[in-house]
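What Swiss-Prot says about this protein:
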BINDING   H9, D13, D75  Mn(2+) 1 binding site
BINDING   D15, D75, H97, D149  Mn(2+) 2 binding site
Amino acid sequence: MAKTYIFGHKNPDTDAISSAIIMADFEQQTGNAEATAYRLGEVGPETQYALDHFNVTAPELLNDDLADQNVILVDHNEFQQSADSIADAAVQHVVDHHRIANFETAAPLYYRAEPVGCTATILYKMYKERGFEIKPEIAGLMISAIISDSLLFKSPTCTEQDVQAAEALKSIANVDLESYGLEMLKAGASTKDKSVSDILSMDAKSFNMGDFVTRIGQVNTVDIDEVFARQEELEKEMLEVSANEKYDLFVLVVTDIINSDSKILVVGAEKDKVGVAFNVTLDNNTAFLPGVVSRKKQVVPQITEALTK
């Protein structure tokens, strides 16, 4: 049987890494012994905390050419967020919880997308539907992904299905959701030792919005001011990256995981449209967005609408 490559998006977060591992386990239980998890970037400290806690090894970094290779995508579908050779791959499955855009295949495929807070929640449902065993480490990764994507159930993207999945899994993983979740989020929230490049790339995605290409990065922190103390450096790097990658707009969303608010930093020719999107006036390229924590639900749709009016 040919190998099946399974991976999440570039600049992977906890859901992207965890869901690749989980999906590989799921596929192996179906009899696909060659299903193998990979990653499209470095493992962040939050994700590493989860992997270490449940004694799971991170997937290998994908360097292979995927031309004519069997592929399963998790936690994304847009080709610009995927492997560089994805257009030449044979995409077999997609399991995702995001919008569908810039995606097409030459052949039919299994596609499962649900409006829930986390890909791991969908995978949990798939295990239950098939009656597959959920091992403790798999349960732990599912919980970690759900907590990460939902900011410990505070994000507006979090659904009752996400909460129910985490509650059902906690006894298998042997964790207290609140205490484990807070420690995991804190592990990824410090920016003191991160370079400007790290901050901008650790959880960044590119989006085609009408005629514009927009880069939106997000960093979770317990101290927004700590990040914005380096605003000048951040802006310089954002402008350089935008020039090199031809981004029309670069938005950095700095999210306070304790108070559930965000402050944004915006550069690019279309930056005034961001002010329109959130009904705010940018002050020194920044704006405070109370209650905004979700890129998927509270940032991407709003900016898309402003850019495509």
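Placement of Cβ uses the backbone N, Cα and C atoms for every residue, glycine included.
This view paints the features noted in Swiss-Prot onto the structure.
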residue: H9; record: Mn(2+) 1 binding site; Cβ neighbours (10 Å): 27
residue: D13; record: Mn(2+) 1 binding site; Cβ neighbours (10 Å): 25
residue: D15; record: Mn(2+) 2 binding site; Cβ neighbours (10 Å): 31
residue: D75; record: Mn(2+) 1 binding site; Cβ neighbours (10 Å): 30
residue: H97; record: Mn(2+) 2 binding site; Cβ neighbours (10 Å): 25
residue: D149; record: Mn(2+) 2 binding site; Cβ neighbours (10 Å): 26
Can you tell me how far the Cα of H97 (Mn(2+) 2 binding site) sits from the Cα of D75 (Mn(2+) 1 binding site), in Å? 6
DSSP output for H9 (Mn(2+) 1 binding site) maps to coil
Fill in the CA-CA distance, D15 (Mn(2+) 2 binding site) to H9 (Mn(2+) 1 binding site), as an integer in Å. 10
DSSP three-state assignment (helix, strand or coil) for D15 (Mn(2+) 2 binding site): helix
In angstrom units, rounded to an integer, how far apart are the Cα atoms of H9 (Mn(2+) 1 binding site) and D149 (Mn(2+) 2 binding site)? 14
If you measure D13 (Mn(2+) 1 binding site) to D149 (Mn(2+) 2 binding site) at Cα, how many Å is it? 9
